């Protein structure tokens, strides 16, 4: 079994986007700790299976971050299930989860399932609109959510999701201070090794996504934070 | 520290209702495992303090089940915090919790706090209306929620709340089958030792409330389930 706690760097691939074999090879042969497949729009059974089968050639942990019930496919190492803490629609707290468990609960291996306490923080992102998240959140709010995740729900993982926008380092730092047990993931807008380094000061794990599709070389460079932290 | 896991029987007192010293004495000197203070309407700082100070004369574990932020008072052994899984208003999932943590989080001793996965099941109850709970729930729904609590959120406690109505034993049984780690509380409409016995077959802990105010003798008799289970 892979040890998620040890992951410092993850590449997140959007099944709705095209990626060449060369670029995929570069990602999977980099020193990243895991590949996560997930997106917001147009995530389908077909494109998830297709991308999974391409990544499965590489000996890397493979995660499906569940965006909708239709695209849940067996064969991943882990299934990350977001519960969006600042969503104003109960569908994204536990409504979809309830529907999925009612349908598939009997066949789930829960050792592979990780519940993520999600904060959606970029007001302009698709995910913020879809989930009707209240992104008007200050540092004290982030602290309260971090306490909620760490002390009340006691979730294994909290995810600060800036989705396409580089986030507020002070908020990431604030969350990290309060997460004594929960692992902190940061994702959103990392386009350079400098930004990767900045967020990796506070987040246990950084997730690099969009830049993969814009500048694969810059994306690959972000993996360097791993060597630096091992110095 | 008291061991909640060992509790089989709890009396729930509504701070908005009157109870005589004699009746309170009878409850507290019975063999019940704990007293819980909680209600839906008119729960105020004043009536919670008043009732707490009366129950504190007895050497019994005392729980505040939080209904609103205004009535949270220090001095209880435990604070039970409901997250209403079938509410359609995020306020009752984690909205109130977020507000409370933002305000008081820095001073909370989380060892005293227990997050309850709540299912509100009586459509006519005040709590169902207040929380806009979807009470139109079949056995498969209850099973999905039980899996969610036991396997996803991994909460210490699940509470099937029929609030004033005697519940569906099959649903309680269904939840109990799936809760391999989570402790199952049942509350609602228990008015006799027979009903107490029936629900105690499946629930780890039964909560006896309204009958206290209607027929104190019948209420006291429900405590007998404890002796029976120790046979």
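Every residue gets a Cβ built from N, Cα and C, even glycine.
Per Swiss-Prot, sn-glycerol 1-phosphate binding site is recorded for A:12, A:159, A:160, A:161, A:162, A:163, A:164, A:189, A:209, A:210, and the stated evidence type is sequence analysis. Less than 8 angstroms from the CB of residue A:209 (sn-glycerol 1-phosphate binding site) sit A:11, A:12, A:13, A:14, A:187, A:188, A:190, each of them six or more residues away in the same chain.
Around the Cβ of residue A:14 (Mg(2+) binding site), the number of neighbouring Cβ atoms within 10 Å comes to 21. The Mg(2+) binding site annotation in Swiss-Prot covers A:14, A:40 and is backed by sequence analysis.
If you measure from the Cα atom of residue A:162 (sn-glycerol 1-phosphate binding site) to that of residue A:40 (Mg(2+) binding site), you get 13 Å.
Each residue contributes its Cα atom, and for residue A:40 (Mg(2+) binding site) and residue A:164 (sn-glycerol 1-phosphate binding site) these two points are 12 Å apart. For residue A:12 (sn-glycerol 1-phosphate binding site), the count of additional Cβ atoms within 10 Å of its Cβ stands at 18 [all protein chains shown]. Long-range Cβ contacts of residue A:164 (sn-glycerol 1-phosphate binding site) within its own chain (separation 6+, distance under 8 Å): A:122, A:124, A:125, A:188, A:189, A:210. Max Cα-Cα distance over the annotated sn-glycerol 1-phosphate binders (A:12, A:159, A:160, A:161, A:162, A:163, A:164, A:189, A:209, A:210) is 17 Å.
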